[in-house]
Every structure is written in C-alpha cells, then in structure tokens.
Amino acid sequence: MERVNSTSLTEFILTGIPYPLRLRTFLFVFFLLIYILTQLGNLLILVTVWVDPQLHARPMYIFLGVLSVIDMGISTIIVPRLMMNFTLGIKPIPFGGCVAQLYFYHFLGSTQCFLYTLMAYDRYLAICQPLRYHILMNAKLSTLLVTGAWVAGSIHGALQAILTFRLPYCGPNQVDYFFCDIPAVLRLACTDTTVNEQVTFVDIGVVVATCFSLILLSYVQITQAILRIRTTDGRRRAFSTCGAHVTMVTVYYVPCAFIYLRPETNSPLDGAAALFPTAITPFLNPLIYTLRNQEVKLALKRMIGGPGTKSEV
C-alpha cells in the first residue's frame with residue numbers, strides 16, 4: 001500500500017480476525033449473543049448487589065458491582081466493532097475513534113487489574129483477620145480504594161494512548177487486528193518504535209507483575225489460614241468464597257501476559273488470546289459469580305422471590 005503524508009491519515013482499517021467466509025453469519029450471531037448476554041448478566045449482578053441489603057453494604061460486593069460496570073464497558077468498546085468484521089464492506093475507524101478505543105480499553109483493563117488485587121486483599125482480611133475485618137475494610141475505605149483504582153487506571157490509559165499516538169502515522173493504515181491495541185498500531189508508525197515498545201513492556205509489566213504478585217501473596221496467606229481450619233465444612237466454605245475470584249484472575253491474567261509480556265511477534269494466536277479479556281471474560285464473570293458464589297445465588301433468589309422470600313444464613 002502506498003505511503004501517504006502523515007497529515008492525510010484520518011482513519012484506520014481494522015482487518016479483524018481471520019475466519020472462513022461460510023461462518024460469517026454464525027460468527028456475527030455468536031458475538032451478538034455474547035454481547036447481549038454479557039450486558040444482561042453483568043446488569044443482573046449490578047442490580048442484585050444494589051438492591052439486596054445483605055450485599056450492597058459489603059466491600060466484597062461493592063467490588064463485584066464495580067467489576068460488572070468495567071466488564072460492560074470493555075465489552076461495549078470492543079465487541080460491536082468486532083461484529084462489524086463479519087459484515088460486508090470495509091468499515092474504517094476514524095483516527096480519533098482509534099485513539100479513544102485504545103485509551104478506554106487500557107483504562108478499564110488496568111482498573112480491572114487493580115480491582116482484582118483489591119478483591120484478593122478483601123478476601124485476605126476476611127479469612128486471615130476475621131475479628132478485625134469490619135475495622136480494616138469498611139464501606140468508606142472500599143470506596144476510597146475503588147476511586148484510587150479508577151484514577152490509576154485512567155492515568156495508565158492516558159499514558160499508553162499519548163505514547164502511541166504521538167508518533168507519526170503516514171500509511172499504510174491497515175491495522176492487522178480486530179481493535180486498536182498498542183502492538184498492532186505501533187507496527188504502522190513510520191518511525192522507530194523501540195522506546196514505545198520498551199515503555200509499554202515496562203509499564204504494563206510493572207502493573208501486571210505487581211498486581212499478580214500481591215494476589216499470589218494474599219492467596220498464600222489465605223491458603224495457610226484455611227488449612228488451619230479444623231472442620232472440613234469450614235474449609236470448604238472458606239475455599240468457596242475465593243473460588244470465583246481465583247477463576248476470574250486466571251482467565252484474565254494468562255491471556256494478558258501472553259499478549260503483552262513476550263517478545264514482539266505477529267502470531268495468529270494473538271487475536272485468539274485477545275478475545276478472552278475483551279469478549280470472553282466479561283461474559284464469563286457473571287456466570288462464574290452466580291455459579292460459584294452461594295451468597296449471590298441466595299440474593300438472586302430473594303430478589304426474584306420478592307420480600308417474602310426467606311434468607312438463608
């Protein structure tokens with residue numbers, strides 16, 4: 001493709017993910033259902049946490065409600081644009097739209113990373129410091145922590161967007177990916193991107209490594225505390241409160257590490273891995289929490305059954 005002057009580059013073309021043409025309609029319907037179910041599932045969790053008096057004042061479920069908002073946001077930023085890949089014709093994205101998509105994805109993605117860490121810390125306090133839990137983690141503190149996560153995430157997203165789009169882009173404008181993300185966009189810059197790649201690796205690496213290390217440290221302490229519980233039922237109930245969070249962290253961190261924390265490649269597996277944090281994880285989180293968390297299931301029964309439904313202790 002012929003290179004043009006950088007001032008004339010006003011849009012990008014997202015190539016999407018490769019697929020057999022005979023599956024075009026199936027994939028469009030599949031991701032449409034994924035998007036609709038993601039929004040409905042996370043909205044259901046959000047409403048349940050908000051209206052149930054036994055949940056909305058507890059830090060763990062404040063975090064869960066915020067997670068639902070983030071999942072709805074990430075899905076909305078990515079999936080509708082992905083679905084356009086399965087329609088006829090070329091659907092360019094404006095330059096400003098590409099900037100916004102990259103910013104909001106990294107803003108919400110890093111906020112989600114921080115939130116998973118806060119959720120692990122909350123579980124650590126609940127299991128390892130049960131007598132002091134309501135002093136160490138209350139609604140006011142959890143709100144401040146969530147606010148800090150949002151602020152840190154917005155700074156991270158802004159840094160990545162500014163560093164990426166301060167470079168000159170003089171053509172071609174075809175992004176070999178299904179959304180505007182750093183590695184794919186940097187390949188189109190008509191200047192040396194070594195500094196950007198190093199800063200991106202260090203910045204995302206520090207965020208991911210720090211959050212994951214804190215989560216791992218929390219669960220080492222949690223596991224030791226649970227193993228000291230004498231009854232089998234007590235251990236089972238303690239593990240069940242952490243199972244959903246561990247599952248979400250695994251599904252989130254493994255693909256992110258594969259995408260960002262390895263030498264630069266242009267593998268077809270990149271797109272498949274990126275589908276997890278952008279489309280699959282937001283869809284799975286409500287299912288994981290409703291299937292693995294007994295308190296959420298009871299709250300849903302109370303909400304569906306109305307005021308007369310008895311709560312279980």
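Each residue's number is its place along the chain shown, starting with 1.
Just so you know, glycine gets a Cβ as well, placed from its N, Cα and C.
As annotated by TrEMBL, domain 'G-protein coupled receptors family 1 profile' applies to 41-289. The transmembrane segment annotation in TrEMBL covers 26-49, 61-83, 103-121, 141-163, 204-227, 239-261, 273-291.
Between the transmembrane segment (103-121) and the transmembrane segment (239-261), three or more CB pairs separated by 6 or more residues in sequence fall under 8 Å, so the two stretches touch. Beyond the ends of the transmembrane segment (61-83), by six or more residues, the same chain brings 14, 16-17, 28, 31-32, 34-35, 38-39, 42-43, 45-46, 49-50, 55, 93, 101, 104-105, 108-109, 111-112, 115, 118-119, 122, 139, 142-143, 146, 149, 178-179, 277-279, 281-283, 285-286, 289, 295-296 to within a C-beta distance below 8 angstroms of the stretch. Taken together, the residues of the domain 'G-protein coupled receptors family 1 profile' (41-289) have an average pLDDT of 86.
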